[in-house]
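Annotated features, as they stand in TrEMBL:
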- 245-254: compositional bias 'Polar residues' (COMPBIAS)
- 1-20: region 'Disordered' (REGION)
- 233-254: region 'Disordered' (REGION)
- 26-45: transmembrane segment (TRANSMEM)
- 80-103: transmembrane segment (TRANSMEM)
- 115-136: transmembrane segment (TRANSMEM)
- 142-162: transmembrane segment (TRANSMEM)
- 174-193: transmembrane segment (TRANSMEM)
Amino acid sequence: MYSQTMTNNRVGRSGTGEPTSSPLRVLALGAVAGPALFTLTWLTLGVTSTGYTLYGHTFREYSPVSQPISGLGVGATAPFMNTAFVVTGLMLLVGVVGIVRSVPAAGSPTLRRWALALLACTGIGQALCGVFTLRASVVHGLAFLLAVGTPIVGFVVAGRYLRRVPGWRRLGTGLAVVGSPLALLGLIAYFVAFRPTADGAEHGVAGLIQRIDVVGVHAWFVAMGWRAFREPGSTPPASRPASGQRPSASSIAR
């Protein structure tokens with residue numbers, strides 16, 4: 001009976017003594033649902049937008065090819081797009097916490113904390129983009145950099161940490177070797193194509209490049225969130241007989 005009581009008390013604990021990822025794995029889905037919500041929102045509003053006025057210039061038509069996603073945060077579509085910015089940012093924050101906390105501790109605790117902090121910056125930046133719209137262009141631009149620029153470093157740090165976790169090595173390598181360089185190239189390509197003038201916002205492909213960059217960054221969060229949710233977690237230590245003890249009849253039956 002004592003053995004069974006101890007087993008019941010310890011179920012749900014990973015080999016590190018931390019809670020298993022069961023509830024945390026649900027939180028990790030925030031990194032999946034958030035990007036899905038955001039993508040669906042800008043796709044829908046991009047079709048329904050009738051244009052907007054910014055700094056005295058009226059954009060009579062909205063083009064997802066030439067204009068940024070944030071253009072949907074001004075005008076008639078503003079309440080919906082800005083809400084999506086904030087909600088997605090918060091969902092990413094929750095998802096990142098769920099991902100990092102559900103992954104078994106491995107290697108440096110400092111590296112783990114840095115991975116959490118840097119990945120969380122994307123959610124913070126995304127939420128700030130909805131609070132400070134294009135009308136506050138300087139702050140909005142900084143928030144955009146926080147959201148899509150931080151992963152250039154964050155993916156490397158998170159990748160180095162995840163490479164040490166059993167079962168996460170491939171994804172960790174992908175983050176560091178593929179995700180980070182693509183985030184950098186996407187940001188550079190966007191700034192090369194971007195022209196901060198009314199005429200520039202109505203021509204060119206800056207909007208399309210930005211969307212590719214954002215979707216690419218979000219895709220890695222989706223991959224991490226889904227993997228954390230699907231990962232069964234560590235085997236509870238109570239399920240293994242202690243050294244020198246004979247397994248019980250109930251454990252043999254299992």
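Note that Cβ sites are derived from N, Cα and C of the backbone, with glycine treated the same way.
Nobody curates TrEMBL annotations by hand; they come from automatic prediction.
Pairs of Cβ atoms less than 8 Å apart link the transmembrane segment (80-103) most often to 26-45, out of 26-45, 115-136, 174-193. Long-range Cβ contacts of the transmembrane segment (115-136) within its own chain (Cβ-Cβ under 8 Å, at least 6 residues beyond either end) map to 34, 38, 54, 68, 70-71, 73-74, 78, 81-86, 88-93, 95-97, 99-100, 143-148, 150-151, 153-154, 157-158, 161-162, 217, 221.
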